[in-house]
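These features come from Swiss-Prot:
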CROSSLNK  Lys426  SUMO2 cross-link
CROSSLNK  Lys675  SUMO2 cross-link
MOD_RES   Ser663  phosphoserine
MOD_RES   Ser671  phosphoserine
MOD_RES   Ser778  phosphoserine
MOD_RES   Ser781  phosphoserine
MOD_RES   Tyr785  phosphotyrosine
MOD_RES   Ser811  phosphoserine
REGION    761-807  region 'Disordered'
REPEAT    4-42  repeat 'WD 1'
REPEAT    46-85  repeat 'WD 2'
REPEAT    89-130  repeat 'WD 3'
REPEAT    144-183  repeat 'WD 4'
REPEAT    236-275  repeat 'WD 6'
REPEAT    278-317  repeat 'WD 7'
REPEAT    323-361  repeat 'WD 8'
REPEAT    375-422  repeat 'WD 9'
REPEAT    429-473  repeat 'WD 10'
REPEAT    486-524  repeat 'WD 11'
REPEAT    528-568  repeat 'WD 12'
REPEAT    573-610  repeat 'WD 13'
Amino acid sequence: MVEEGVRVVRCGGSRLNFRRAVFSVDSKYIFCVSGDFVKVYSTTTEECVHILHGHTDLVSGILVNPSNHLQLYSCSFDGTIKLWDYVDGILIKTFTIGPKLHAFFIPLHAEDSVFLTISKEEPDIFQLVSVKLPKSTSQDVEARQLTFVLDYINRSPKCIAFGNEGEYVAAVRDFYLSVYFFKKKKTCNFTLPSTKNKKNAKNKFTCVACHPKEDCIASGHMDGKIRLWRNFHSDQKYTYTCLHWHHDMVMDLAFTVTGTSLLSGGRECVLVEWRDGSEKNKEFLPRLGSSIEHISVSPAGDLFCTSHSDNKITVIHRNLDASAVIQGLVKDRSISTGLMVDPRTKALVLNGKPGHLQFYSLQGDKQLYNLDIIQQEYINDEGLTQTELTKAAFGCSGTWLATVEQRQENENELELQMKLWNYSKKTQGFVLNTKIAMPHDDHITALCFNNAESYEKPILVTASRDGHFKVWILTDDSDIYKKAIAWTCDFVGSYHKYQATNCCFSEDGSLLAVSFEEIVTIWDSQTWELKCTFCQRAGKIRHLCFGRLTCSKYLLGTTDNGILCCWNLLSCSIQWSAKLNVRVMEPDPYSDHVAAVAQSSAGSDLFVFKPSEPRPLYIQKNVSREEVQWGVFVPRDVPESFTSETHQWLNRSQFYFLTKSQSLLTFSTKSPEEKLTPTSKQLLAEESLPTTPFSFILGKHRQQQGAKLTETSENELVQLPLTENIPAITELLHTPAHVLPSASFLCSLFVNSLLLSKETKSAEEVPDDVDMEGNKESDDSDEEYDLTEKDKETNNNTDLGEDAIHQLSKSEEKELRKFRKVDYSWLTAL
């Protein structure tokens with residue numbers, strides 16, 4: 001087979017909450033930025049319908065085209081504005097602006113002009129400019145003529161708003177509010193007190209929103225207050241009123257379409273609706289899960305949506321009832337558990353919300369569910385010391401899950417708990433089995449299960465800074481009836497009071513390797529006797545893993561000083577070593593390959609090798625500009641068939657890695673979106689739409705029609721081809737009219753697709769309904785004659801040979817007479 005080059009692709013994990021989400025005009029779709037992609041979701045099914053990719057840097061703004069509601073604009077840090085057909089996921093046009101674009105606005109009555117936030121030459125200084133997008137038939141258009149509007153603004157789009165149908169624009173930064181009137185070409189500036197006393201220290205502006213119909217500006221502040229500004233046409237006569245409910249900073253504001261209500265959100269995880277600008281008349285939607293960062297309103301006014309700090313988008317009905325949740329990969333402060341794979345669901349498992357493990361589908365790029373480990377109510381307070389989930393590991397094909405949580409207010413007060421969870425087939429989830437308080441006297445640095453199939457009972461090993469590693473086994477004597485099972489400590493090991501840093505089992509489970517700072521110890525898992533030690537004196541051991549399959553006799557280790565070592569367990573000596581600053585080392589559980597990601601001055605480099613050979617099989621430089629923190633091999637549902645030795649490591653597993661900014665990347669030959677044609681994307685979109693009464697009736701009709709066709713085909717000599725299976729007709733019916741070629745070009749293709757091929761035999765005895773009534777007597781009278789004619793034709797065919805094949809029977813002549821009566825004059829109209 002012809003193999004394509006392996007390249008790094010973003011497979012998910014990008015921030016969905018980087019900018020405000022945008023609704024389509026009919027509220028069927030919601031658009032959100034996701035790294036350098038734009039994702040199109042269904043508001044009812046929560047499924048991703050399309051992924052719009054074409055930008056080379058982060059997408060910083062999206063808006064529906066006011067001139068064509070089936071099109072979407074997007075701007076990016078790459079300095080371009082792209083116009084999309086979001087129904088089919090097609091890029092229509094690219095406008096090259098030049099500078100880095102931070103925000104994007106299209107007010108009413110803009111007349112092909114858009115407003116952009118760009119950076120000046122000075123750091124942290126931004127401008128609001130306008131640019132006219134020229135009308136051109138070319139797909140790549142340059143629009144570099146920028147018109148200055150406002151200076152010294154905040155780059156966040158939440159700090160700029162257009163009001164009263166685009167008559168003015170309001171911008172806030174620090175303690176200043178600026179209002180620019182387009183007709184008057186005048187700017188009014190307003191300032192709040194900014195003294196250092198406690199009363200005025202939190203007057204700083206955080207966001208702004210403008211009333212769609214009236215001259216009213218709403219601003220949010222650090223102290224949780226909302227100010228409604230009026231009479232701001234003059235610097236002296238302005239007034240404002242205060243609304244106060246939030247105890248912390250107001251994160252975002254949004255007016256409804258009619259302007260009768262104002263929506264606000266903050267760190268309280270509560271959406272507040274202020275009706276008629278009154279503090280007494282407000283409604284709440286509480287317990288949204290995490291801080292609200294953005295608020296959006298649909299053009300029809302029937303839906304709201306909130307973007308949250310845990311990379312989640314919540315779709316809300318007008319009556320403040322949450323209807324859908326689009327959950328991305330949760331961005332935790334630190335991924336201390338690393339990347340794991342659930343053996344049952346093949347989902348990616350890592351830290352999620354505080355105190356939770358998230359199970360994330362790599363195929364669907366969405367969260368499956370959260371597992372609450374700490375089981376405590378989370379209090380959003382920066383000064384409060386939270387209980388953190390630090391370690392986790394799966395064992396026994398996903399039957400057991402071990403987690404470690406800790407809380408430490410100071411160096412001398414450490415709260416440590418280890419929990420063992422058992423998978424319940426009845427509840428289809430993990431149930432807490434054993435909770436162990438203070439399993440070690442210091443922080444737990446590593447834990448691992450013995451997953452060898454030869455061992456009937458599971459074994460868990462934990463390593464700690466207290467200088468010990470402990471072996472935990474499952475016992476059934478936790479009560480007098482011996483019906484309950486629980487985990488208990490079976491063995492405690494140490495080595496010269498060094499801190500234990502890593503631990504891992506061999507593939508067959510017979511050996512346990514535990515690293516104590518710079519020394520690696522090998523233990524017999526049956527008797528827990530120390531077999532041998534390896535001392536490389538090249539720094540503390542950072543990673544430790546055994547080889548697999550043909551390389552099971554090797555042990556790999558990396559050090560803090562940038563040394564990669566390979567030891568031979570049979571000869572108890574070092575096999576080879578290399579100078580490599582390895583940050584991530586992961587063995588493939590389904591092959592003998594090992595992936596190592598090393599940090600260099602230019603970025604992160606990938607090395608794939610076998611422990612038996614010091615020469616790497618595959619090297620790819622600069623897989624990421626930033627540091628790679630975690631990696632994991634995920635088994636494929638359908639194995640690949642790469643024949644090249646450099647690509648065989650991708651056959652059974654796929655390597656995923658997580659960067660410092662928590663972007664999830666992988667290696668592939670082709671992205672999933674590139675494998676889809678526009679027609680198949682449209683079909684996918686239709687399949688993701690909800691089942692309506694009409695579609696239910698239509699589906700039953702199609703099933704009945706298909707059953708009739710099946711019954712008819714059993715009695716017919718030949719079945720006519722169905723139009724659903726003809727590519728030309730499918731393409732014509734499912735492609736939007738505005739992207740189709742001219743009718744004259746499609747006519748010949750469409751008509752030819754309806755014609756029968758030469759190889760298809762004509763049906764002999766399938767009369768029409770009309771013909772059954774009109775020619776009933778004729779068929780009866782000619783039945784005997786047809787049989788006689790067929791006998792004669794059979795005898796003549798024997799004598800005449802091929803010449804007899806071209807003679808027509810009586811029934812065939814009748815079929816031809818039917819076709820002569822058909823009116824084909826409609827073809828001339830095309």
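Placed from the backbone N, Cα and C atoms, the Cβ positions cover glycine too.
Comparing the modified residues Ser663, Ser811 by how many other C-beta atoms lie within 10 angstroms of each C-beta, the top residue is Ser663. Separation of the C-alpha atoms of Lys426 (SUMO2 cross-link) and Ser663 (phosphoserine): 35 Å, rounded to the nearest whole number. Comparing 4-42, 46-85, 528-568 for CB pairs under 8 angstroms to the repeat 'WD 7' (278-317), the maximum falls on 4-42.
Remote same-chain residues near the repeat 'WD 8' (323-361) are listed as 12-16, 30, 32, 34, 41, 43-44, 46, 289-290, 303, 309-317, 367-376, 378, 386-394, 397-398, 403, 405, 423, 629-635, 637, 656-658, 662, 664 (criterion: CB distance under 8 Å, separation of at least six residues from the stretch ends). Under DSSP, Ser811 (phosphoserine) is assigned to a helix (H, G or I) in the three-state scheme.
Counted over residue pairs 6 or more apart, the CB atoms of the repeat 'WD 11' (486-524) and the repeat 'WD 13' (573-610) come under 8 Å in fewer than three pairs, which marks the two as apart. In this structure, the CA atom of Ser663 (phosphoserine) is 71 Å away from the CA atom of Ser811 (phosphoserine). Taking H, G and I as helix, E and B as strand and the rest as coil, DSSP gives the repeat 'WD 4' (144-183) the counts 3 helix, 24 strand, 13 coil. Residues 371, 390-391, 393-397, 399-402, 404, 406, 414, 416-423, 485-494, 497-505, 507-510, 512, 514, 516, 525, 528 of the same chain sit 6 or more residues outside the repeat 'WD 10' (429-473) yet have a Cβ under 8 Å from a Cβ within it.
There are 6 other CB atoms within 10 A of the CB of Lys426 (SUMO2 cross-link), with all protein chains counted. According to DSSP, Lys426 (SUMO2 cross-link) is assigned to coil rather than to any helix or strand. The secondary structure of Ser663 (phosphoserine), as reduced to three states from DSSP, is coil rather than helix or strand. In terms of DSSP helix, strand and coil, the repeat 'WD 3' (89-130) has 0 helix, 24 strand, 18 coil. Across the residues of the repeat 'WD 8' (323-361), the predicted structure has a mean pLDDT of 89.
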